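Under the heading active site, proton donor, TrEMBL lists GLU185. Residues or ranges marked as active site, nucleophile by TrEMBL: GLU265. Residues annotated as domain 'Glycoside hydrolase 35 catalytic' in TrEMBL: 38-367. The domain 'Beta-galactosidase 1-like first all-beta' annotation in TrEMBL covers 440-551. Residues or ranges marked as domain 'Beta-galactosidase galactose-binding' by TrEMBL: 577-635. Positions annotated as signal peptide by TrEMBL: 1-22.
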Amino acid sequence: PARMGLPALALLLAAGLLPTQASPPARSFQLDYEGNCFRKDGAPFRYISGSIHYARVPRPAWRDRLLKMYMSGLSAVQVYVPWNYHEPLPGVYDFAGDRDVEAFLDLTAELGLLVILRPGPYICAEWEMGGLPAWLLWKPDIVLRSSDPAFLAAVDSWLHVLLPKIKPRLYQYGGNIISVQVENEYGSYHACDYGYLRHLLGSFRALLGTEVLLFTTDGTQAWELRCGTLQGLYATVDFGPDSNVTEAFGAQRRVEPKGPLVNSEYYTGWLDYWGEAHASTSSARVAQGLEDMLQLGASVNMQVVSWQGAQPHRYMFHGGTNFAYWSGADFKDQYKPVTTSYDYDAPLSEAGDPTEKLFAIRTVISKFQALPVGPMPPSTPKYAYGRVALQKVSACPGACAVPAWHCPAAPRLSLSLQHANLLDVLDVLCPSGPIQSQFPLTFEAVKQAHGFVMYRTRLPRDVLDPATLGAPPHSVCDRGYVMLQQEYQGTLERDGQTTLRVTGREGDTLDVLLENMGRISFGANISDFKGLLGNLSLDSIPLSNWLIYPLAIDSAIQQGWPHTALPESSSQGRAGPAFYTGTFETPGIAWDTFVKFPGWSKGQLWINGFNLGRYWPTRGPQQTLFVPGSVLDGGRPNNITVLELEGAPSTPFLLFLDRPLFNKTLSRSTTRE
């Protein structure tokens, strides 16, 4: 009736006595155990996914990479969230710029991609310490990835910050996140702490709700699945194209007799370590393995783990770059640091270029589902800016023009350069001054997460005949550059050379610059302390009375140093740690490029304050560093800062190319436009 009051109308509606419009079905993403499949909004569903790490891709390139993944036929992307990338210090959070994970997730939704989220707290991913913050090791006896109350308190604090950002983006609430992984390959970790997994399950349920699909990922060995799975978490497996697909999914069926078959990490490439050959994986083999799984109706994510003994290695649909200090390391009989490039022979190259492997995968996908309409976006433009010569400050005290023949690809490049030994600028790099200690302290003890720490003492006596300066086994973590009276003596290395022969006078200054090459990201020993873990000795007599300088190099460079004020070096020698700085102008464009280091040894490169990562051409296989065009300024001079650790060439210069080099040969990952 027209005059019916609102309370009476509400009662009739509640009783179902008046007709109402049918409400739209609730959004859902669920497991169907009887149908052995996923169900999305009630209909059977199978995803084909690829992994991308937003932390390894500059934010201006996110859209390009995600669009190429979408146009490859992927229905979803798999995304890690590295805890240490967002909480650099306890209670200090950073979600701005390249770290804006919410913006990245919103972009995936805008482009029509679903998301499989892997927020850890441990992620591995060949990322520094597997994504766990180094400040956890401020408590030296903490047991990581366990029910240790100190670890759980830190995890809970982090999850209470992160997961509320995730919940509104879950599929059930209108977002595009269809499932969330809890921990990562926990079955491969020695702790096998079910209490820890139960605690995580409770936290994820409390913060994300009861409807979200939570899962685990482990290898196919029985011992991995025994310790990595838990009731309430759907168990998935990972394996590569060399595996027997039926046998591998049989392992999943032993722990999940019913439900969808899922390979959460199907590897598409291979891993590079410093000092080993650049690896690749056959496009045909990857494509055939993918087709075999899709014919079984399986859901697949292309990232994957390949196994060497009990060692997992991860690979990507698009890898990107380990900028700054974010590359991790493996430990298999010895410490094996990962290269700066995270290209890994992936379908999308480090620079985001489609490869032969991508098109082979796309062809397989087209057999099982329709591809998006339209062409694949092209490779990003590259530019060979050419040769940029570097000279010492005494040879070039002001701005000096480089002759045109120095840079044939960019005849208007110009350079001004200065040089200073690291020892001459300790007051700039450690403004708070050194820490005094009877014996060396670790990075963690002085609360330095990444980069470099200088250790200084004095010779206790005259050493007229060569004496042995030595370190206990496994106590140099990871490389120590030794100077005596500012003269470079050589390098001590973890699992390598641990002694040098030196001479000097009583009171001579001994400096050892320690470099953190990346904390171990997989295995039982991820509590990977850095620095001098034991005392150095001179002919077996321990040295004492150390001054320890935690170096804030990145902070200084981001504040304009050394381009604003670099003193002239007190030493004319080129050997040993030294800074080289300069500027170059591009010919009005800012395109992606690759920088080569002819004759250089090992070090770190910054352009316009952005830390592009480690170079090490003498060790290889990586010979170039990727420079995203977004780092460059096409209209102004670009500031270059190089920290060379062992020795620059007699005529130092950098060479900017339009393609990467691995193993001193052209990589397959990009082609000339």
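Start at 1 and count along the chain as shown; that gives each residue its number.
Backbone N, Cα and C atoms are what each Cβ position is placed from, and that goes for glycine too.
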By the count of other Cβ atoms within 10 Å, pick out the sparsest of the active-site residues GLU185, GLU265. GLU185
Between GLU265 (active site, nucleophile) and the residue listed as 'active site, proton donor', what C-alpha distance do you get in Å? 11
Using DSSP, how many residues of the domain 'Beta-galactosidase 1-like first all-beta' (440-551) fall into helix, strand and coil, respectively? 0 helix, 56 strand, 56 coil
Looking only at the domain 'Glycoside hydrolase 35 catalytic' (38-367), what is the mean pLDDT? 92
Secondary structure of the domain 'Beta-galactosidase galactose-binding' (577-635) by DSSP, residue by residue, totals 3 helix, 28 strand, 28 coil
